Each structure stands twice: as structure tokens, then as C-alpha cells.
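Peer 1: The structure that follows is given in the form of C-alpha cells.
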Amino acid sequence: MSEASNGGRSRVSSFDSIDIVDTYEPSSAGHNVETNSSPKISGRAWGRVKKFLLCSIPFPKSIYFIIGNEFCERFSYYGMKAILFIYLSNELNLSKDNSTAIFHSFSMLCYFTPLFGAMLADGWIGKYRTILYISIIYAIGNIIVSITAVPDLGMGERPGPMIGLLLIAIGTGGIKPCVSAFGGDQFSSDQEHLLQSFFSIFYFSINAGSLLSMLITPLLRGDIQCFGKNCYSLAFGVPALLMLVAVILFWGGRHGYKRRPPNGNIVWLVTKATTHALKRKLSNNGSKDHWMDWADDKYDIQLIEDIKALYRVLFMFLPLPFFWTLFDQQGSRWVLQATQMDGSLGALGTLKPDQMQALNPVFIILLIPVFEGIIYKVFFKPMPLKRMCAGMLLAATAFVIAGLVQLKIQASQVDTIPPFGKTDIRFVNSLDSKAWVAMPKYNLTMDPHGKSSTTRLSAPAAFDIVVKAACGNYKSHVNMKERLAYDYIIGCQGNQVTCVLVDRKTSVPAGKASLCIVVNRFDLIDRLFSLEMNGKIMLENVSYTENNNTRCISVPPKHYILEVKDQINKLVGKKAITLDSDVVYTLVLSSNKSDGIFIYKDMKTKLVSMLWQIPQYFVITSGEILFSITGLEFAYSQAPASMKSCLQAAWLLTVAFGNLVVVIEAETHVFDKLSTEFFFFAAMLGVVMVIFLVMSLFYKYVQAETAEEEDNEGIVNEMESF
């Protein structure tokens with residue numbers, strides 16, 4: 001982040017909190033860009049944070065309200081977005097492609113709306129009222145998303161969450177260009193020495209809020225049950241509460257703020273000048289050296305020259321959206337990949353798929369000092385465009401790694417659902433002794449507590465099964481439908497064999513364990529049961545299992561005391577068990593067991609560890625440092641200082657258009673396999689990188705006359721970490 005003075009205003013510009021509310025001031029010859037020292041991730045910046053927390057920096061009191069507001073807002077935004085993809089696919093029952101399209105449409109809006117927020121702030125009502133009013137809209141959006149996640153208040157219905165997301169996009173985008181600039185406005189000319197400390201702490205609040213939320217909200221979603229399901233209402237409710245706190249904090253500092261009146265917007269001025277030039281060019285037959293010269297009848301010559309320089313840089317922006325096409329899929333396709341992986345960490349617990357996104361800010365904090373202090377200074381310092389090419393290459397490489405991981409996932413997946421025209425049956429012996437099974441063309445000997453291999457049959461299928469056991473014989477007739485897998489469970493009650501055919505559960509929500517209950521006792525045929533886990537009722541009104549009716553629940557993997565009680569609260573069975581993630585367990589009420597319960601489990605449905613995603617996050621974060629930070633550094637050094645706001649607006653639009661590419665790809669359903677899609681995006685960015693490299697070879701750098709070279713001091717300038 002950097003400080004700049006313009007008309008007495010100090011401001012910070014950043015990737016997520018970009019100031020695009022400048023007025024036009026002609027730049028000096030040579031397109032001089034002011035250079036200022038910038039906050040660093042390490043060293044003194046963290047010392048400033050400590051002093052801030054101890055209130056030992058003589059900041060204006062209003063700054064504490066602004067910093068608190070920013071922390072809460074970033075927690076709200078990233079916390080909500082961290083769990084959004086899984087909510088869309090699992091709870092709103094959208095397809096993976098539709099979930100991806102909605103996720104990236106939301107992201108796209110978040111980067112279009114800052115243009116309107118900037119125009120509103122600097123053209124009409126000022127930054128304070130823009131932040132306050134739009135933050136209220138923002139908070140309303142969060143509340144709507146949280147309330148509609150309550151089962152009795154609309155969970156599963158789509159219009160409510162879509163309205164909420166639209167309001168959030170308007171809110172986060174609308175305040176994006178204003179908050180950091182408003183913070184800079186609070187410092188007087190004799191307090192400029194405090195600006196770097198402010199921007200360091202502002203940056204820290206952004207990262208702290210986003211990192212904490214990415215770790216916490218997935219836990220609220222997955223580890224807490226409410227209304228008998230994952231607690232999305234709480235997971236969305238905490239970000240909503242934080243956004244309300246953000247609004248209250250910002251409003252609470254109202255008496256201490258310095259408010260500057262709106263004084264015009266350079267983005268709007270450039271738009272009008274460009275439109276005027278194009279209209280005159282199309283309506284006249286003459287020629288000029290440059291098409292922007294047609295605006296010289298109405299606009300200042302220096303403005304026209306600055307706009308020419310701006311468009312020269314914007315031409316180099318054309319390939320940039322494709323980097324964001326890959327980068328922003330961390331929140332969608334990479335989360336989808338993580339849902340197919342094993343999050344078990346042994347004694348450390350279980351990773352949630354949506355928690356893996358937190359690796360990006362973690363690596364940002366760790367890697368920026370490495371790039372600043374070692375890579376750039378010791379190894380190489382390429383020109384900015386070459387560095388951006390390297391960032392593109394790393395992003396493409398990250399998607400190659402993701403594709404290879406996906407191939408490993410696909411190779412480990414077991415086909416648990418029979419194909420069309422087929423059905424599966426498996427025999428499970430809950431007895432302490434052997435059992436013999438006979439069916440057409442098949443005869444099996446079952447060991448005690450044993451499971452047979454799966455037998456695939458043509459469907460539909462109807463046949464007799466004969467079971468012989470120590471407690472007697474049993475004959476039953478079964479009917480099996482296509483594309484279903486069945487378990488035939490053998491039990492014993494007194495001197496009579498009891499058998500039941502049940503649908504086999506073949507999938508488990510990511511990071512959860514599934515527990516199904518089967519009642520296989522004739523003496524319990526007229527009774528209802530409840531399942532308690534660690535003293536909490538998880539299933540009620542469970543009846544004797546017939547017609548393949550199995551009751552199941554998904555729970556966090558951990559140690560449980562299971563108790564089955566009837567309707568008069570009499571204990572029927574009790575057992576202690578540790579449930580692993582991504583495993584289906586079946587609890588059978590069986591009279592021949594001393595504790596009344598027999599439990600068997602299927603193999604893990606996910607065999608590839610989520611930790612295999614670490615390399616791709618490491619590589620794409622390295623690419624982000626090379627590409628994103630360098631991109632704005634390049635733009636500001638090559639265009640007039642007066643055009644800085646336009647460059648920031650254009651930078652935001654590259655992110656928006658990058659997300660649009662993902663929306664188009666997801667909605668066209670081009671690829672069936674995620675691995676193929678990853679390789680496609682890697683190849684696409686590889687081609688774009690080559691084009692950008694060729695463009696860079698023909699680009700002639702403009703040397704600022706008075707700007708000092710800075711060997712990437714404070715590489716975080718002009719952007720937040722993500």
C-alpha cells in the first residue's frame with residue numbers, strides 16, 4: 001500500500017480496497033509517478049501493529065473506528081464467501097457447474113460495483129455517507145443469507161439467498177474504493193509521518209479478518225449441528241453479526257471524522273472525454289495524429305495526453321483477466337476438489353474442504369518477505385512485464401498440479417453406484433457364528449461378523465434367498481431396483497434367523513461420517529426408537545426396518561457414546577465408537593449382542609489426503625505475488641499519476657472479466673472431468689502468457705523523471721494480499 005497526496009488528500013490504494021475517487025490534476029512531463037515507502041509484511045509493520053493494539057501510536061481517535069470497521073467487514077465477506085460454494089451445491093442442491101457459475105457471478109459483481117461506489121462517493125454524497133449507507137445494504141444482504149439458511153425460514157429455497165448475495169455484492173463493492181481513502185483523509189498535513197503506520201495496520205486488519213474467518217466459519221458450518229443439519233444459519237450468521245458490528249463501529253466514530261466534500265471523479269471525466277473524441281472522429285472526415293485528439297475542442301490538452309498514455313498501458317491489461325480466471329477458482333473448483341479428498345489429520349482433527357482456502361493468506365504472509373528479501377535482491381530482478389509472465393506461468397503450473405491431484409483422486413474412487421440396468425447386493429453377517437447363504441447361481445459361506453464382496457446383477461431383479469445359521473433357517477423373497485446398492489443383513493433372535501434388505505448409503509458429505517440405523521428384531525416391530533450420540537438426540541421415530549427404509553445422519557468424525565432408546569426412554573442398545581471421516585457406518589439393533597448393537601463400516605469413500613493441495617496453493621500464491629503486486633506497480637510507473645484512479649478501476653475490471661470467463665465455461669458444460677478442466681485452464685493461461693510475453697517484447701518502458709527506483713521495497717504496495 002502506498003501513500004499519495006492529491007489535493008491535500010492522502011489515500012491508500014489496494015487490490016481489495018482501491019481508491020478510485022480522484023479529481024484530475026495534470027501530471028508532470030515524463031508521466032512522473034510519485035513513489036513512497038510502503039508497509040511491509042514483516043519487521044517494522046508488525047511492530048506498528050503491536051503499538052496500535054497497545055494504543056501507543058498517536059492516531060486520530062477516528063482511526064480506531066475505521067480499523068475496527070475494516071476488520072469486521074473483511075471477516076464478514078471472506079467468512080461468508082469461504083462456505084458459499086459448498087452451501088450452493090449441498091444445501092441449495094445446485095449442480096457443481098451451476099454452483100460455480102453463481103459463485104463467480106457473485107465475485108464478478110463484487111468487482112464491477114466499486115466503479116459505482118466511487119462515482120457515488122466523489123460525485124454526489126461523499127465517502128462517509130457512501131460507506132455508511134452502502135454498509136447498511138451490505139448488512140441487510142448478510143442477514144438475508146443467514147435467515148434463509150434456517151430450515152423453517154426458507155433453507156433450500158433459492159430466491160432469498162440470491163437476493164442476499166446481490167445486496168452483499170453491491171455492499172462490498174460499493175465501499176471497496178472508499179474505506180482506505182476515508183482513513184487517509186483523517187490525517188492532517190502534520191501527521192503524514194503516521195500514514196505508513198496506518199496503512200500497515202489497515203493491511204493487518206484486512207488479513208487478520210479474512211484469515212480468521214476462513215478458518216472459523218467452516219468449523220461453524222461443519223462441526224455444529226442445528227435443526228438436525230449442518231448449521232449454515234450460524235456460519236452465515238456470525239459474518240452477518242460482524243457486518244452489523246462494522247456498521248455500528250463506523251457510525252460510532254461519526255463525530256470525530258474529517259469529511260471532505262465530493263469534488264468530481266476522474267474515471268467519469270476520462271469516460272466523457274473518450275466518448276466525445278469518438279463521436280467527433282466518427283462524424284468528421286478529417287484525420288489527426290491520434291483519435292483522442294478529436295477531444296481538443298472541449299478538453300484540456302494535458303488531459304488528452306494523459307489519456308493517451310493511459311490507453312497505452314490499458315492495452316497491456318487485455319490478457320490479464322485470464323490470470324484471475326484461474327486464481328479465483330480457489331473458492332470454487334479447488335473447494336470442489338477438496339470435497340473429494342480426505343481431511344483426516346489424526347489426533348489433530350479433520351480439515352474442512354473450505355478451510356484449505358486459508359492457505360492463500362498464510363502463504364502470502366510467509367512468502368512476501370522471502371520475495372522481498374531474497375528472491376528479488378539475491379537471485380533476479382526482471383522487468384515488471386517479465387515478472388508478470390512468470391506469475392502467469394506459476395498460476396498455470398498450479399493448475400497442472402491440481403489436474404494431477406485430480407487424476408489421483410479419480411484413480412482412487414470406487415464406483416459405488418451401479419450403472420443403468422444393474423443392481424448390487426452384499427451380505428453382512430451380524431452373528432457370532434458362521435452363516436450360509438444361497439441364491440440363484442451363488443452360494444456363500446459367511447464368517448462371523450463378516451461381509452461378502454459385492455455381487456452385481458442385472459436389474460430389476462427378483463429372487464429367493466435362503467439363509468442357514470446356528471439359530472435356524474430363513475427364506476425370503478427380494479426385489480431389487482436398478483442403480484441401487486443393497487445390504488442383506490443377517491441376524492438372530494432366539495432360535496429364529498432375522499434378515500433385512502436395506503439400501504446401502506454410498507456417499508458421505510465432505511469431512512463427515514455417516515451413521516445409518518437398522519432395526520432387525522421381530523420383538524421391536526411395533527416400537528419407535530431414538531438415537532442419542534453423547535447424550536444428544538440425533539434421530540427420532542426410528543421404526544422396524546422394512547421396505548429398504550434406512551435412517552441415516554451425517555456427523556463430525558469423533559468419539560461417541562451411542563444409545564438407542566424406545567419411546568418410553570428404555571435403553572435398547574449402547575456402544576462406544578470412534579467415527580472416522582468419509583466413512584459410512586451401519587448400526588444394527590441385534591438381540592444376539594450383549595450390548596444390543598452390531599456396527600459395521602464401509603471402506604473410506606475418499607482416499608487422497610487434502611494435504612496434497614498444499615503444493616498448488618503454494619505455487620499459485622507465488623504466482624500472485626509476481627503477477628498481482630507487480631501489475632499495479634507497472635501500471636503506476638508507466639501512466640500519469642493523474643490516471644491512477646482509472647488504472648485502479650481497470651484493474652478491478654480485469655478481475656471481474658476473469659470471473660466472467662469461469663461463468664461461461666461452467667455454464668457451457670464443456671468438460672465432464674475436473675482434471676480435464678484443470679489442464680484446459682492451465683493450457684489456456686499458457687497460451688495467453690506467450691501472447692503477453694510477445695506484447696512485452698515490443699513494449700517500451702517510460703522512465704519517470706523524478707521517481708526513485710525502489711528495489712521492490714514494500715512489495716505489498718497498491719494491494720491487499722488477496
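Cβ coordinates are placed from backbone N, Cα and C, and glycine is handled just like the others.
All TrEMBL annotations are machine predictions without curation.
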Peer 1: Please identify the range among 101-119, 386-404 that TrEMBL labels transmembrane segment.
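Peer 2: Range annotated as transmembrane segment by TrEMBL: 101-119.
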Peer 1: Do the transmembrane segment (678-699) and the transmembrane segment (617-637) share at least 3 Cβ pairs under 8 Å, sequence separation 6 or more?
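Peer 2: No, the transmembrane segment (678-699) does not contact the transmembrane segment (617-637).
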Peer 1: Is the transmembrane segment (194-220) close to the transmembrane segment (358-376), in the sense of at least 3 CB pairs under 8 angstroms with a sequence gap of 6 or more?
Peer 2: yes
Peer 1: Taking the transmembrane segment (649-666) as reference, which of 131-150, 162-182, 232-251, 309-327, 617-637 has the most Cβ pairs under 8 angstroms?
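Peer 2: Selected stretch: 309-327, with the most Cβ pairs under 8 Å.
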